[in-house]
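> According to TrEMBL, the transmembrane segment annotation covers 20-44, 77-99, 120-153, 159-180, 192-219, 239-259, 297-318, 352-370, 391-417, 429-454, 461-482, 502-526.
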């Protein structure tokens with residue numbers, strides 16, 4: 001039997017399991033790229049206005065640090081300015097989630113051992129996961145490039161755009177392939193892979209914020225830096241794809257070496273042993289789920305605090321942007337509204353941060369389904385703990401964590417921002433802008449709770465709801481989508497803070513809806529059979 005025996009059957013099984021999450025995620029990414037480009041091109045019907053806006057954007061470190069460099073002064077380059085790096089990150093996340101799902105998760109939950117009892121080679125499960133994740137990356141990047149080409153944009157630039165996304169995604173496949181072999185748990189593998197992705201983003205942002213020198217050259221050490229250096233509709237460095245392919249090959253090769261040297265269910269990095277006796281905090285389900293998520297919570301808090309400091313410090317550079325009508329229109333295309341540049345910047349970034357925090361909350365509430373599959377839920381429910389308390393503990397953790405995350409990042413921006421720019425809104429207004437996004441975040445977390453409570457196998461749809469909700473809510477108005485469709489997104493009802501009015505009624509409605517979804521999920525969980 002060869003090491004790749006059974007690969008075809010495993011591929012068929014993997015695609016069947018991902019028949020919803022991969023197509024919906026790819027569709028969301030394509031909609032993000034094409035819809036954003038179409039909306040921006042509508043704002044700049046001629047090249048002269050685009051050039052006027054680009055002259056300031058290229059020279060400003062604030063937007064370049066967030067969205068990457070841009071080297072061409074034409075409307076096509078402006079149309080994809082905000083989606084090159086954003087889409088590269090999302091494509092990398094898609095690759096990470098898909099590959100981890102078909103490797104370490106399968107191994108941790110015991111299905112890989114069952115499959116391995118048949119005619120399946122040692123390398124086949126990892127190879128199947130790598131091929132599916134790679135296919136998802138190529139589909140997202142290739143279809144996005146074709147969509148931009150369909151808008152009449154430059155063919156070479158459209159190809160380079162797809163290359164930028166593919167480079168980041170393929171590199172992340174290699175990183176994740178190694179991470180799932182090093183860590184012995186799904187959460188550990190996710191921590192390593194997401195940590196590497198976060199470090200790559202911060203390194204790229206630091207490198208792109210300066211012009212020339214050693215720091216700028218460090219951007220070539222980051223896979224996301226590679227994606228940014230492609231510069232679609234400008235230099236069109238399509239050869240950068242070779243770096244992504246190289247990272248993929250090296251990562252998979254290293255993963256195969258580790259795979260041949262470790263035991264099934266084990267990893268290379270040791271797992272820290274716990275205390276001999278449990279503390280008083282573990283006497284209830286909320287204490288237990290909080291303790292299990294301690295590492296994840298600390299990672300999010302540290303990362304968001306650092307990100308908040310960076311976002312706040314960039315306010316000083318935002319004030320240097322031109323106040324021309326072209327620049328105002330460009331910032332509106334990024335998701336802002338009329339107001340000072342600092343207010344538009346904060347309104348835009350608060351929405352992006354809300355999406356990330358919602359993703360963290362969804363991941364926490366979906367642990368209920370993971371605990372059920374691993375047998376932890378059954379063990380806990382064998383005690384006097386009721387299903388309602390066990391379900392409520394996970395929801396309470398997710399809601400509390402998202403609130404904490406928002407306070408941390410909003411507080412960091414509020415602390416640093418007013419000191420970086422004299423024209424920045426006050427600390428209270430800055431913090432309020434971030435807190436105003438919480439009802440939308442809670443509603444998305446509640447939708448995930450309903451899915452996992454009613455039918456755990458549909459729980460991954462929560463990620464598709466998050467992605468589509470963000471794209472529709474942010475880009476729907478500029479894409480002339482039906483109003484009823486845009487209104488389905490929680491992000492369409494956030495209002496414009498700071499500088500605008502707080503949408504109190506919308507916030508109250510979303511909070512009530514979230515409570516209803518949580519209640520419905522709790523009733524369904526209490527009545528259904530455990531997996």
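Including glycine, each Cβ sits where the backbone N, Cα and C put it.
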> As a test: from 77-99, 159-180, 352-370, 391-417, 429-454, pick the stretch that has the greatest number of Cβ pairs under 8 Å with the transmembrane segment (297-318).
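The stretch with the most close Cβ contacts to the transmembrane segment (297-318) is 391-417.
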> Before we move on, state whether the transmembrane segment (502-526) and the transmembrane segment (239-259) share at least 3 Cβ pairs under 8 Å, counting only pairs 6 or more apart in sequence.
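They do not touch: fewer than three Cβ pairs between the two stretches lie under 8 Å.
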> Check the transmembrane segment (239-259) against each of 120-153, 192-219, 391-417 and return whichever range has the most CB pairs under 8 Å.
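Selected stretch: 120-153, with the most Cβ pairs under 8 Å.
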> For the transmembrane segment (352-370) against the transmembrane segment (429-454), do we get 3 or more Cβ-Cβ pairs below 8 Å once near-sequence pairs (under 6 apart) are dropped?
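Answer yes, regions in contact.
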> Are there residues at least six beyond either end of the transmembrane segment (120-153) with Cβ under 8 Å to its Cβ atoms? List them, or say none.
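Residues 1-7, 9-11, 13-15, 18, 22, 25-26, 29-30, 33-34, 37-38, 41, 76, 79-80, 87, 91, 94-96, 98-99, 101-103, 106-107, 112, 159, 161-166, 169-170, 173, 176-177, 180-181, 233, 248, 252, 255-256, 259-260.
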